[in-house]
C-alpha cells in the first residue's frame, strides 16, 4: 500500500480579530455610611455612671487638658464595656481622616453621646456568638483551637488585627501544646 500524500487543506479565511473588550467600569466606591447625629442622641446613663465614665475618660487624657484624641475613642468605649467594631466607631466619629483621628481632640461632654451611640447599638456579639464562631476551628471537638491558626484568623479575616495586637491579645492563652481553650479565650477578651 502506497503512503498517503499529505494533502494540505486551504487555510480558512482569517476572521477579523474581535475588537478589544472595553475596560470594565471601575467598581463604584462604596458610599460611606452617614455619620450619626450625635446632637440627637438622648443620654440614658445615670449620674453615677456618667461620673464613672468621666473618671475613665480622664485616665486616657495624655496632656492634662481633659481632652482625648479621636483615635482614643474606640479604646475608651471598649474599656467601658461596649464592643463596637472600628467601622462602627468611625461612623460614630463622622468618618474622620487619619490626620483628624490623631489631631482632633474632644471633651468628655462631646464623648458621652458617642458612648451612648455605641451602647444603643444592639448588633454586638454575645459570648455565645464568639464561642460559636471559634468552634468552627475546633478540629478535635475538645474545646480548643490551635494558637497558630487563631493568630492567622485574627490577622487576616474580618476586621484584621496587627501582629502586635494579636500577640497582646493571646499573651498567656496557649497551653504547652500550642492550643487555646476558646471559651476561656472569649471570656478573657470580653473582660479586657
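Any Cβ shown, glycine's included, is placed from N, Cα and C.
Taken from Swiss-Prot, the feature region 'Disordered' covers 1-34.
Residues or ranges marked as N,N,N-trimethylalanine in Swiss-Prot (evidence: a curator's inference): 2.
Among the features that Swiss-Prot reports, compositional bias 'Pro residues' is placed at 17-29.
The domain 'EF-hand 1' annotation in Swiss-Prot covers 48-83 and rests on sequence analysis. If one looks beyond the domain 'EF-hand 1' (48-83) by at least 6 residues along the same chain, the residues whose Cβ comes under 8 Å of a Cβ in the stretch are 89, 92-93, 96, 100-108, 111-112, 114-115, 118-119, 121, 124-125, 190, 192.
Per Swiss-Prot, the feature domain 'EF-hand 2' maps to 86-121. Residues 32-33, 35-36, 38-39, 41-45, 50, 53-54, 57-58, 65-71, 73-74, 76-77, 80, 159 of the same chain, all 6+ positions outside the domain 'EF-hand 2' (86-121), place their C-beta atoms under 8 angstroms from a C-beta of that stretch.
Sequence annotations record features per position, and here Swiss-Prot assigns domain 'EF-hand 3' to 125-160. Mean model confidence for the domain 'EF-hand 3' (125-160) is a pLDDT of 89.
As annotated by Swiss-Prot, domain 'EF-hand 4' applies to 160-192.
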